[in-house]
Amino acid sequence: MSEPFIPFVKPEIDEETIAGVADVLRSGWITTGPQNQKFEAALSEFVGGRPVRTFNSGTATLEIGLRIAGVGPGDEVITTPLSWVATSNVVYEVGATPVFADIDPRTRNIDLDRVEASITARTKALIPVFLSGLPIDMDRLYAIASKYRLRVVEDAAQAFGSSWRGKRIGAFGDLVSFSFHPNKNLTSIEGGALVLNNEEEARLAEKYRLQGVTRSGFDGMEVDVLGGKYNLTDVAARVGLGQMPHLERFTARRRALAQRYFDSLRDGAAVRLGVELPVADFENCNWHMFQILLPLDRLTITRGEFMAELKERGIGSGVHYPPIHLFKLYRERGFGPGMFPHAERVGASTLTLPLFTQLSDADVDRVAAAVNEICERRAK
Ligand SMILES: *Cc1c(COP(=O)(O)O)cnc(C)c1O
């Protein structure tokens, strides 16, 4: 292959950030400290002044979000079966039980009708996921939460920079969890942030983040909650801070690339043969990923073989995600095939195409041409 390889994702880190990281390393203070304070302040400003606390992952923020919401043994938490497995693993981590509600096959996000139908006397909280950065109907979500007095921990891991009717995700609602994993729209290498409702919750988040410790004066220390070790290093926080000024450009670039995918796929062979494109939302969605659904019953190859053919053409791709309820851990807890047919169909046929800020228009055209060509050559 003479053309350069196109990965499906790649973070963009500028020289100012790299120099800033070197300064942190030389400063003598490399773990949680002044860079985290600055990062938290920048994040708080981004979400309209709500309190924000940083953590070392978007999994930690979800788990601590559930703890702050008072979720524990005996409680049920309703979430989607089509997400990164962290979304529901954290429910088990806090001793509660995940209850899945199937997705809307059009948006691929949790179906709020099914959420409402799944509420029981034990339901304590909802974890909606905004897959690929596409929000759900946030007005309806919070109407349901308030009607049934439920807490919400938004798994907005993929939705940093997304909005709902002109309001940023994170700037409203209950607890909101972001991830800054390298694949996400803004990265701190690893990391996450939890948006909280008030200073009391923020102090509780700080305790859960570091062994339940509260310090006072020069030598005072108390522990009154069982906390863990989830703090973010200043090296990581400096990377996140360096990304913040670029977020608007990142999001705009991703939207433009997604638009180009639509333009180059919409009338092509792949769509004619049954490839399904995502919802074309250029208002709310931050285009964290671009996923097509393959018409596997109309192709002579499997998804894995499709990915191998893309790779031969120098193109990386991914799968986000296999349905959670079909993993062994979940099957052993009573879930199984046939329970959430929409999530199963989407999970079995979804394919993530390359989308990142430094992807060129020509790269998108190359990927779209390859998808069209493979579909045509491998049609039944
Ligand atoms: C990335 C992700 C997480 C977990 O974030 P980490 O920072 O990797 O722990 C949780 N939920 C969703 C939907 C994600 O995409």
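Cβ atoms are placed via backbone N, Cα and C, with glycine included.
A simple way to gauge crowding: the CB of Lys184 (active site, proton acceptor) has 25 other CB atoms within 10 angstroms, across all the protein chains here. According to TrEMBL, the feature active site, proton acceptor maps to Lys184.
Marked as N6-(pyridoxal phosphate)lysine by TrEMBL: Lys184.
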Name the secondary structure element type, per DSSP in three states, that contains Lys184 (active site, proton acceptor). coil
